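Positions annotated as domain 'Major facilitator superfamily (MFS) profile' by TrEMBL: 6-516. Among the features that TrEMBL reports, transmembrane segment is placed at 45-64, 71-91, 97-119, 131-153, 159-180, 242-266, 308-327, 425-450, 462-484, 490-512.
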């Protein structure tokens, strides 16, 4: 029970990470309106967190191996509170980027430290359950973020409440972790064997920990010989291990889940969930599915095995992404509408430009006067034809000077009212299946595999390297998602993710070892021999 409660306290980091990752989906809908953000600026707001995470991952492994896993978790919780405080002080694009970078540093550091800490305190027959608990907390955090997005969608300055809710929880976790024991393996690494024995006694609820302590000492004695550069050498099969780790996190990102996470409300708005509130509510469904799907994976991983879950997840992801792509292809819409500036001017134009004139409602005085001048000469309205909007009558888009909408943004927009309900709900259903498949496979399992396949003496640095790869690719993909989708369309983005999901399935079948029921020391020895 003490081991379980210690793991839960450490896994609160996962809750905070998930909340911060999912939060921007809804907060962006408000912030982009208040600051009139361009498409590129929206990508920067989302990706600034990933910039901080990537930078922290480069040095996080050294910090974790030198000062300990527990201290790193405490530091990350404090930094999260600091970054969140910066965000709610004032609404400024510069401060927004700075605060998000600080939070990125925090969640990167806690992601590495939490997985390693839990793996090292857990007994081998419960390690899969306890390490996967961190992923369960992450998806729970994402759900809470989506609920927060919905709750504050129509509240003035709701984004400040969204960002501020994590501060008390981060402070409480930092205090709780201070009173919990360090990892026994870390204590042995630092020569504190007596303290390590006492910690193991509390964790295992036994008086004689000699056998496990001896096994840890024997393992670490061999592992002290490793330097960081040994990760790229053939010694003890380390090059193969690091390539497995790097390729696995590559597929975590390139199968598209992070973009669904960051831009969930935006994507759902584009397929017919018209208001901020409706899009946030639909994305809350995404959060519920992530939590519900992660629970069986967490409970059964020690019996079924991480490799099996990875295979099932990748297969179902490919099928659902293919369905999503076909559905969105039939909707026949261009995604450029999500990059349109949502300033008050453009919001007052939306009903005029994208809906029949009978629904026209204008609050902007200058626009009203302009419409009075042009309306007598313009009896028609814009109607969707094919891939674009063609004028019916004399009126053209150029009739609206300085509207803030480029011709590119005007072309290819589809009236949400003409999207068939069946397509809208089928698109949502395939999205939910895709999310569920990720949540049993590429969501929790890679981090369990990574915490197992590297020797303890270099585990922190190896995890930091794979984490750098993870955040770096995440940054690249999220920074270009809106731009790429604008160029090729949402359907073809889904088809690309389908191909990557199939590639990940092939990789898992051929290269991922099955580690269920083995101790960390057994796994390390077998991998060194190349027999797993």
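Note: Cβ is positioned from N, Cα and C throughout, glycine not excepted.
Using a Cβ-Cβ cut-off under 8 Å and counting only residues 6 or more beyond its ends in the same chain, the transmembrane segment (425-450) has close neighbours at 115, 127-128, 131-132, 134-136, 138-139, 244-245, 248-249, 251-252, 255, 257, 260, 267-268, 271, 282, 285-286, 289-290, 292-294, 296-298, 301, 306, 309-317, 319-321, 323-324, 327-328, 331, 462-463, 466, 504, 512-513, 515.
Through the fold, the transmembrane segment (97-119) approaches residues 7, 10-11, 13-14, 16-17, 20-21, 44-45, 48-57, 60-61, 63-64, 69-70, 72-73, 75-77, 79-80, 82-87, 127, 130-131, 133-134, 163, 183, 447, 450-452, 459-460, 463-464, 467, 471, 520 of its own chain, all at least 6 residues removed from its boundaries and within a Cβ separation under 8 Å. Among the stretches 71-91, 131-153, 308-327, 490-512, the one making the largest number of Cβ pairs under 8 Å with the transmembrane segment (159-180) is 71-91. As a quick check, the transmembrane segment (462-484) and the transmembrane segment (131-153) miss the bar of 3 or more Cβ pairs under 8 A, pairs 6 or more apart, so the two do not touch. Tertiary proximity for the transmembrane segment (131-153) is limited to same-chain residues at least six positions away from its ends with a CB under 8 Å from its CB atoms, namely 7-8, 10-23, 25-27, 29-30, 114-115, 118-119, 122, 159, 161-162, 165, 261, 264-265, 276-277, 280-281, 283-284, 286-288, 290-291, 293-295, 297-298, 301, 439, 443-445, 447-448, 451. Proximity of distant same-chain residues to the transmembrane segment (71-91), defined by a Cβ-Cβ separation under 8 Å and at least 6 residues beyond the stretch ends, is recorded for 10, 13, 16, 20, 31, 34-35, 60, 63-64, 98-103, 105-107, 109-110, 112-114, 117, 160, 163-164, 166-167, 170-171, 173-174, 177-178.
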